[in-house]
Amino acid sequence: MKPRNRRIALIVAGLSALGIATALVLNAFQSNLVFFFTPSQVSAGEAPLERTFRVGGMVERGSLKRQRGELAVQFVITDTVKAIPVTYSGILPDLFSEGKGVVVQGRLDSAGLFRAEEVLAKHDENYMPPEAQHALDEVQKKPASRKP
């Protein structure tokens, strides 16, 4: 093989390898990409069916239903305009409660029910873990001792 043909073959092989590597990386990004939607966007049909995405909003008051003795839970997420029903099987975060912010990740089925695989409770910037709050409360209850 002539040096020129060998050089062309190496360039073609290198470009092919680069193209394949780029395609694999883009495919990995595409499969791990999780979009965020509001309940209004989900109700309007903007969210994909049978594909993982996130929905954020408030847990509607009075919508939380638990099965006795099971981890299954149903609730409704709203953005004050539209609401979507959610079902989840697992342990809910400690901060999860009605009227509070939540982000759920999962899939929307053809019946319009969001089947959550993960539930994340949102909190405000003033949140403090209960242990830390208790420690601060105890310190504030003790009389301040002054040094001379």
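For all residues, glycine too, the Cβ spot is worked out from N, Cα and C.
The heme binding site annotation in Swiss-Prot covers His123, Tyr127. Within 10 Å of the Cβ of His123 (heme binding site) there are 11 other Cβ atoms, across all protein chains.
Annotated region 'Disordered' per Swiss-Prot: 128-148, in sequence order.
With a threshold of 8 Å between CB atoms, no same-chain residue lying at least 6 positions outside the topological domain 'Cytoplasmic' (1-7) comes near it. The topological domain 'Cytoplasmic' annotation in Swiss-Prot covers 1-7 and rests on sequence analysis.
Taken from Swiss-Prot, the feature topological domain 'Periplasmic' applies to 29-148, supported by sequence analysis.
According to Swiss-Prot, the feature transmembrane segment maps to 8-28, an assignment based on sequence analysis. Nonlocal intrachain contacts for the transmembrane segment (8-28), taken as residues 6+ away from its ends with a CB within less than 8 angstroms of a stretch CB, comprise 1.
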